[in-house]
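I have placed the structure first, in the form of structure tokens, so that the comments after it can refer back to it.
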């Protein structure tokens, strides 16, 4: 072991056997990440819990009694944080976690294993919310990567655009959308879409996001409500 620049003991992973360099680097980073260690101590399922915590500590959009939807929720770090803040474990709000993957139970969280891209998903969600809309739709999804940077950026932006479209179908007027994005030149359409549908749109980089990552979050507040489709003029 050696100390890093902050004085903490640093664990070094020795390469051996058939471990790939990428796997070694990932494991080395995990073992030396203070947020990973803190998540274990605090009982969170992922370090991502601190990203949502930091964003909400600054902007205060999670409130007691809200209806919240967590897209791509597994393993559940964001759901854990949101459930505490809205009080859903004590019956003061409702949190619906959606993912294609299975997710272990979390107090105060209702899990739905489904594809939010399915055309029936918005109606299914509203049914789970008792016929009402959501106050907050949040997403920490990143999707699968190919290793080809431009392709991955387009895929990620496409996923967030789909999440934003889903949010526009289920949010109440005044609602909030928060989602992970990656800094690139491919998100102009997404930002235009959000600025059209929300009163305020901003980018946020919480301290828990690794400094060497292009990861950041888009926070859109004040949903304007679904705009009615323009009607064609009738012939006299």
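The backbone N, Cα and C atoms fix where each Cβ goes, glycine too.
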Identity of the S-adenosyl-L-methionine-site residue among 42, 57, 99, 187 (reference: 76, 78, 115, 140, source: Swiss-Prot): 99
Spatial separation of residue 180 (active site, proton acceptor) from residue 99 (S-adenosyl-L-methionine binding site) - C-alpha basis, Å: 16
Three-state secondary structure, residue 140 (S-adenosyl-L-methionine binding site) (per DSSP): coil
When distances run from the Cα of residue 180 (active site, proton acceptor) to each of the binding-site residues 76, 78, 115, 140, the nearest one: 140
